[in-house]
Amino acid sequence: MPEQLVLRATLEGHSGWVTSLSTAPENPDILLSGSRDKSIILWNLVRDDVNYGVAQRRLTGHSHFVSDCALSFDSHYALSASWDKTIRLWDLEKGECTHQFVGHTSDVLSVSISPDNRQVVSGSRDKTIKIWNIIGNCKYTITDGGHSDWVSCVRFSPNPDNLTFVSAGWDKAVKVWDLETFSLRTSHYGHTGYVSAVTISPDGSLCASGGRDGTLMLWDLNESTHLYSLEAKANINALVFSPNRYWLCAATGSSIRIFDLETQEKVDELTVDFVGVGKKSSEPECISLTWSPDGQTLFSGWTDNLIRVWQVTK
C-alpha cells in the first residue's frame, strides 16, 4: 500500500466520549462533533502548526448524551440526536437551536439528513424509524416491516438520484427503505450479533454494515444482494467509505482498520500509543469516523474524549 494514514493532530474540547463526527461537502474547513458531554462542537479547521482545529461554537441544550450529529450538505445547519429522546436543528451562523424534533419515546440513537437538505431520518431505542421535514414535523413513523429491537443506525444515500436510506438494528437486520413511499425495499440478514453501524458508498451503490459479530458485510443496493464479507475480528463501532478511494474504514475497538474493496483485504490498521493505560484498565476505543470531503483526512472520535486526525500520505 503506497498510501498510508499518519496521525496528524488531536482536537481537545469535549469532556465526554466523542460519539459522532460529520463533515460537509461544500465547506471543507469545518468539522462537527457530538459527545456524551451533551454538547456539539463546530470546529474551524485552521490546520496550522499550533492548532489543527479551533472550537468555533459549542452548542448546548440537550439534557442527555448526544448520540449522533449531522451537518447539512450546505453546512448552514446541523442536526443532533440525543438520549433525551429529541433531535435538535441548529443554525450554525447564529449558534442557536431553531427547532426541536419531539416524538420518539426513548433515546434517539441516530440521525441523518438527505442530500437535498430537506428530509431527516432518525432511529431510536423505541424501535421506530421516523422521517421528518427540516423544521421538525414528523411526516411518517415506520413500524410496518421495521425493526423488532433498538434502531442503532440510519443513513441516507449520499447520491441525490438514489432516494433510499438504510437502517440497522439490534435485531441483527439491515434494512433498505424507499424514501418516496417510506416502504421497505429489502431486509438483509446475515449478522449473528447486533448491528451498530451502517453506511452507504458515495455513489449510492454499496452498503456496509457491522457490529457485535466482528464481520463487515457488503450489500449491493441496486441488486439487493449480499456481495461479500470482511473479517474485522473485533466489535465494529463505526463505518465509513472513503469519498475517493475504494476503502472502507472500520472503528474496531482501540484501532481503525482500513479495507481495500478491490482486493477485499485489510491494507492498514491505525493504532495509538496510549500512555499510562494500566494492564487492568482497557484502552480507549474509537467510536466515530468521518472523512474530509477530499478524502485526504480521516477524523476519529474516541472514548478518551479526543478527536484524532489522520492524514493520507504517500
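Yeah, the Cβs are placed from backbone N, Cα and C, and that goes for glycine too.
What Swiss-Prot annotates here:
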MOD_RES   T10  phosphothreonine
MOD_RES   S39  phosphoserine
MOD_RES   Y52  phosphotyrosine
REPEAT    103-133  repeat 'WD 3'
MOD_RES   S148  phosphoserine
REPEAT    190-220  repeat 'WD 5'
MOD_RES   S242  phosphoserine
MOD_RES   S255  phosphoserine
REPEAT    281-311  repeat 'WD 7'
When distances run from the Cα of the residue listed as 'phosphothreonine' to each of the modified residues S39, Y52, S255, the nearest one:
Y52
Any residues 6+ beyond the ends of the repeat 'WD 3' (103-133) with a Cβ under 8 Å from its own?
64, 67-74, 77, 79-87, 139-143, 146-160, 165, 167, 169, 177, 179, 182
Through the lens of DSSP with three states only, how would you label S148 (phosphoserine)?
coil
Secondary structure at Y52 (phosphotyrosine), reduced by DSSP to three states:
coil
Under the DSSP assignment, what numbers of helix, strand and coil residues are found in the repeat 'WD 7' (281-311)?
0 helix, 18 strand, 13 coil
Tell me the residue counts in helix, strand and coil for the repeat 'WD 5' (190-220), as DSSP assigns them.
0 helix, 18 strand, 13 coil
Could you check the modified residues S39, S148, S255 and say which one's CB has the most other CB atoms within 10 Å?
S39
Three-class DSSP secondary structure - T10 (phosphothreonine):
strand
S255 (phosphoserine) and S242 (phosphoserine), distance between Cα atoms, whole Å:
17
Using Cα coordinates, what distance in whole Å links Y52 (phosphotyrosine) and S148 (phosphoserine)?
43
Neighbour count first, Cβ atoms within 10 Å, every protein chain included; then name which of T10, S242 tops the list of modified residues.
S242
Could you tell me the C-alpha distance between S148 (phosphoserine) and S255 (phosphoserine) in angstrom, no decimals?
31
Distance, S255 (phosphoserine) to S39 (phosphoserine) (CA atoms, angstrom):
25
Using a 10 Å cut-off, grab the number of neighbouring Cβ atoms around the Cβ of the residue listed as 'phosphotyrosine', all chains included.
20
S242 (phosphoserine): secondary structure state under DSSP, collapsed to three categories:
coil
